[in-house]
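Peer 1: The feature substrate binding site is assigned by TrEMBL to Thr125, Asp199, Glu224, Lys254, Asp258. The NAD(+) binding site annotation in TrEMBL covers Gly290, Glu291, Val292, Gly293, Lys294, Gly295, Glu311, Asn414. Per TrEMBL, the feature compositional bias 'Low complexity' maps to 34-53. Taken from TrEMBL, the feature domain 'S-adenosyl-L-homocysteine hydrolase NAD binding' covers 259-420. Summarising the annotation, TrEMBL assigns region 'Disordered' to 1-73.
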Amino acid sequence: MATVTKAPKKQIQFADDMQEFTKFPTKTGRRSLSRSISQSSTDSYSSAASYTDSSDDEVSPREKQQTNSKGSSNFCVKNIKQAEFGRREIEIAEQDMSALISLRKRAQGEKPLAGAKIVGCTHITAQTAVLIETLCALGAQCRWSACNIYSTQNEVAAALAEAGVAVFAWKGESEDDFWWCIDRCVNMDGWQANMILDDGGDLTHWVYKKYPNVFKKIRGIVEESVTGVHRLYQLSKAGKLCVPAMNVNDSVTKQKFDNLYCCRESILDGLKRTTDVMFGGKQVVVCGYGEVGKGCCAALKALGAIVYITEIDPICALQACMDGFRVVKLNEVIRQVDVVITCTGNKNVVTREHLDRMKNSCIVCNMGHSNTEIDVTSLRTPELTWERVRSQVDHVIWPDGKRVVLLAEGRLLNLSCSTVPTFVLSITATTQALALIELYNAPEGRYKQDVYLLPKKMDEYVASLHLPSFDAHLTELTDDQAKYLGLNKNGPFKPNYYRY
C-alpha cells in the first residue's frame with residue numbers, strides 16, 4: 001500500500017531467482033527461530049485476531065483433501081470449516097463498504113464483466129472478499145491467490161472457497177507455497193484468464209514468464225502498488241508489455257486515501273499490537289515522505305514522537321521541512337532512534353550496516369508493499385540468534401546481547417500485524433472494480449499496449465459514491481460559473497495534471 005515519489009525502479013524477480021531462507025545454527029540456551037517462513041509463521045493467532053484452528057497447524061493445506069458443501073475441491077485454504085466465521089467477517093466489512101455494494105447493485109443487472117475470467121493476487125481479507133464477490137456478481141469468474149504470505153485471513157479464504165471462488169491462500173505460506181498458489185490460479189485445464197488484478201506485480205510477471213501465450217491474450221491488467229507499477233513500466237519501456245495496463249496506484253482515490261489516510265491510522269495499530277510501545281518522546285525515523293510516509297509521520301507526531309525523515313526527492317524533502325520535520329540521512333540518526341519505518345518502495349533502504357549500529361531494542365518495520373526495503377537476509381547469519389517472542393515479532397540478538405525488534409520479517413506491517421480501516425479499502429476496491437470494467441469493455445483501439453492512469457472522471461465518481469457516508473452535499477455549478485471556468489457541470493472538475 002505504499003508509495004514514494006521517484007523511488008528507483010525495482011528489478012523484476014521471478015520465483016527461480018529467489019533463494020530460500022537458509023537455516024543456521026544458533027547459540028544453545030536460547031530458543032531459536034532459525035527456520036523457514038512456513039514454520040515460523042504458523043502461530044495460530046495473528047495480531048489481526050484471525051481465527052485459526054491450531055490443532056492442524058502442522059499440516060500444510062497442500063497436503064489436505066478438503067471439499068466445500070457443494071462437493072468442490074477447487075481451492076486450497078487452511079481449513080474450510082472456518083467458512084461460517086469468515087462469512088460473518090465479510091458481512092461486517094460490507095457494512096462499511098456501502099459504495100462498493102452500491103456499485104454492485106447498480107451494475108448487477110447489466111453484468112459488465114460477463115465473460116471476464118479474472119485471476120487475482122491481492123491481500124485476502126474481509127474487505128478484498130467484498131471486492132471479489134462484487135466482481136463475481138458483475139459476471140466475472142475469479143481465481144485468487146495472496147500477494148503477502150502473512151496477510152491472509154484464513155477464515156475469509158475459507159468463506160470464499162465455500163462460496164465457490166477458487167482461492168489458493170493461507171496465512172504463513174512458505175516462499176514455495178506462495179508461487180505454487182499463484183501457479184494453481186493460472187494453470188487450470190479448460191480455463192484461461194483474460195484479465196489480471198495484481199498487487200505487487202508477482203502474478204503479472206509469473207504469467208509473463210511462465211505462460212507467455214496466456215499473457216498475450218490478456219485484455220487488461222490492473223495494478224495497485226508502486227512496486228507492481230514500476231514493474232509494468234519496466235516491461236513497457238523494454239517493449240515487452242503486449243497488453244494495456246491500468247495504474248491504479250497513482251489514481252487520486254488510491255494515493256490520497258488508501259496511502260495517506262489508511263496508513264495514518266494503521267501504522268499505530270500495527271506497532272501497538274506487536275510491541276505495546278509508547279510513542280511519546282520516542283525518536284522515530286521514517287524513510288520516505290510520499291503519501292504513506294506523510295500519513296505515518298502525522299500519526300506519530302500527534303502522539304508526541306520526535307520524527308526524522310529521509311528522502312531522495314527534494315520536493316518531498318521540502319514538504320517534510322515545511323511540515324515541521326527534520327530531514328536527515330539515515331546514518332546520521334541510526335544510533336539514537338527507537339523506531340525505524342521504511343515506506344519507499346525501494347530495496348536495501350535499511351542495510352546490515354544500519355542494523356549493526358542500531359541501539360538495543362530498536363524497532364524495525366516496513367510499511368511498503370515489498371519485503372525488499374529491509375535487508376532481512378543479511379540477518380540470517382550464524383552469529384545472530386532469532387527469537388520469536390509473539391506472532392510476527394522477532395528479536396534478532398547480536399553476540400553482545402543487543403536486540404533489534406523486527407516486525408513481520410520486514411513485510412508490510414499493517415496487513416501482516418493488524419488490520420486496516422474498512423472504509424478506505426472500499427475506496428480502493430471500487431477504483432479497482434471500475435478499472436477492470438473499463439479495460440474489459442473498452443472498444444478496440446482505446447487503450448494500446450501501455451500503462452494508463454485511471455480516467456479523472458472515474459476518480460471523481462469513486463469519491464462521489466463515498467460522500468453519502470458523511471452526509472456530504474456537493475455544491476453545483478451554475479451554467480454561468482461552468483462557462484466561466486470552462487468546465488462541464490458534471491465534471492471532470494480538474495485537469496489530469498492537477499495535484500490534489
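Quick reminder: no glycine exception, Cβ is built from N, Cα and C everywhere.
Just so you know, TrEMBL annotations never went through curation; they're auto-generated.
Note that the structure is a prediction, hence the values are computed from the model and not measured.
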Peer 1: Taking the residues Gly290, Glu291, Val292, Gly293, Lys294, Gly295, Glu311, Asn414 listed for NAD(+), what is the greatest CA to CA distance in Å, to the nearest whole number?
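Peer 2: Binding-site diameter by Cα atoms for NAD(+): 22 Å.
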Peer 1: Which one of the binding-site residues (Gly290, Gly293, Gly295) has its C-beta surrounded by the most other C-beta atoms within 10 angstroms?
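Peer 2: Result of the Cβ crowding comparison: Gly293.
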Peer 1: Please report the Cα separation of Lys254 (substrate binding site) and Val292 (NAD(+) binding site) in Å, rounded to an integer.
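Peer 2: About 11 Å separates the two Cα atoms.
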Peer 1: Using a Cβ cut-off under 8 Å and a sequence separation of 6 or more, which residues in the same chain sit near Glu311 (NAD(+) binding site)?
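Peer 2: In sequence order, the residues whose Cβ lies under 8 Å from that of Glu311 (NAD(+) binding site) (at least 6 apart) are Gly288, Tyr289, Ala317, Ala320, Val327.
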Peer 1: If you measure from the CA of Asp258 (substrate binding site) out to 10 Å, which binding-site residues from the list Gly290, Gly293, Lys294, Asn414 are inside that radius?
Peer 2: none
Peer 1: So the record assigns Thr125, Asp199, Glu224, Lys254, Asp258 to substrate. If I measure every Cα pair among those residues, what is the longest distance in angstrom, as a whole number?
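Peer 2: It comes out at 18 Å between the most distant Cα atoms.
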Peer 1: Compare the Cα of Asp199 (substrate binding site) against each of the binding-site residues Gly290, Glu291, Gly293, Lys294, Asn414 and report the nearest.
Peer 2: Asn414
Peer 1: Calculate the per-residue pLDDT averaged over the domain 'S-adenosyl-L-homocysteine hydrolase NAD binding' (259-420) and state the result as an integer.
Peer 2: 95
